[in-house]
Amino acid sequence: MPEKKGSADAKVLHCSFCNKSQHEVRKLIAGPSVFICDECIDLCNDIIREEAQATARAAIRSELPTPVEIKSFLDQYVIGQTGPKRMLAVAVYNHYKRIRHGEIKGDEVELSKSNIMLIGPTGSGKTLLAQTLARMLNVPFVMADATTLTEAGYVGEDVENIIQKLLQNCNYDVEKAQRAIIYIDEIDKISRKSDNPSITRDVSGEGVQQALLKLIEGTVASVPPQGGRKHPNQDFVQVDTTNILFIVGGAFDGLEKVIRDRTEKSGIGFSAAVRAKSERGVGELFGEAEPEDLIKFGLIPELVGRLPVVATLDELDEAALVQILTEPKNALIKQFQKLFAMESAELDIRPDALHAIARKALQRKTGARGLRSILESALLDTMYDLPTAGNIRRVVVDANVIEGDGKPLLIYADEVAGSDESAQGEVRDAAA
């Protein structure tokens, strides 16, 4: 019974669930003929939270895709880069297999984490590979820019801000965050400025590498709740980074020179062997990168050691850029055709225009990243007029449009209708 009478004939209310009286709890909330105390409410919240976390864990533990399936998924969105995709597929599969292994108690063999370093020119697909992996595995993903990071105590973001951003993406679900993928771009920009010690402090170089080292190898990071600032008298959210997969990427401009100096060493003086300078491309040289080259470039040995999987991406040529424009599921040409279709117009980009776009991107040295801006610029006037013109049914783009020597050919609705009628007339004449 929710109500009981005391000695003074006063009604004492009781919780309908645990039967504690109103004097034994802090708060008793009344409903239609029932009462619930604050302790029972807390217990219910804990049960709901545990069930939600168990559901999230079950989703993570669901059938893990094989390396072949991972690469096949990457092939749908990323053109070329077969070698790096195979390396990524194996590394990611082993990483999440390692997490499962860690959940088995009583096994003496402890598997170490295989974080990944992607080396490749600008616009070669480093960021896209990391994003696509996270989407396939249905795990939280956060991207950070290494150039904005500084040592703790200096103006700028410290490395724990990355974990804070990750928690925000996960709605502060710590269990989910601890199995995420973190991609740190421009890692080459925090290399040591020189091998010589300096009286000035390198707050965005070696110091940041040292701070990242702890995070990458696995530590318990303390993050202020709900994105607040750190101050001594507050509770922190504890996030263990041991099972977070870190992928770092960078263009590493100048690394090819370090590799060339190592691989093409020759003596000096009259007795030195005379060898012609090889004409190997940047991508080919990157493929020969060794840990010693990365250390000489400016990364600290400890950080290089924590990134055992090094995948080097090839420089994209004209043919690869044309494929990127047309073949992936979310190819740029398909995106623009969908935009034009929303205005009841068909966008026809001729093959010579595709090659012109690719050549322009190569000249600008922007890789795949520069393709959109070239296409946006070429179609700007057409997209400006299209919504108000109303009767444009087809837009044809050739190489002259891309090179700035012409304008897109616009075909209007009445022209389409006229051509259809003339075609029908020709059919009737032929039949007669």
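Just so it is clear, glycine is given a Cβ too, placed from its N, Cα and C backbone atoms.
Among the features that Swiss-Prot reports, Zn(2+) binding site is placed at CYS15, CYS18, CYS37, CYS40, with the record citing sequence analysis. When Cβ atoms from all protein chains are considered, those within 10 Å of CYS37 (Zn(2+) binding site) total 24, not counting its own.
The ATP binding site annotation in Swiss-Prot covers PRO121, THR122, GLY123, SER124, GLY125, LYS126, THR127, LEU128 and is backed by sequence analysis. In the three-state DSSP reading, LYS126 (ATP binding site) counts as helix. In sequence order, LEU118, GLY120, ASP185, GLY249, GLY250, LEU313 are the residues of the chain that are 6 or more apart from LYS126 (ATP binding site) and have a CB within less than 8 Å of its CB.
Annotation comment: Swiss-Prot describes 3-56 as domain 'ClpX-type ZB', evidence class sequence analysis.
Within the same chain, residues at least 6 positions away in sequence whose Cβ sits under 8 Å from that of CYS40 (Zn(2+) binding site) are CYS15, PHE17, CYS18. Same-chain residues that are not part of CYS15, CYS18, CYS37, CYS40 yet have a Cβ within 8 Å of the Cβ center of the Zn(2+) site turn out to be SER16, PHE17, ASN19, LYS20, VAL25, LEU28, PHE35, ILE36, ASP38, GLU39. Here CYS37 (Zn(2+) binding site) is positioned 60 angstrom away from SER124 (ATP binding site), judged by their C-alpha atoms.
Counting every protein chain shown, the number of other Cβ atoms lying within 10 Å of the Cβ of SER124 (ATP binding site) is 29.
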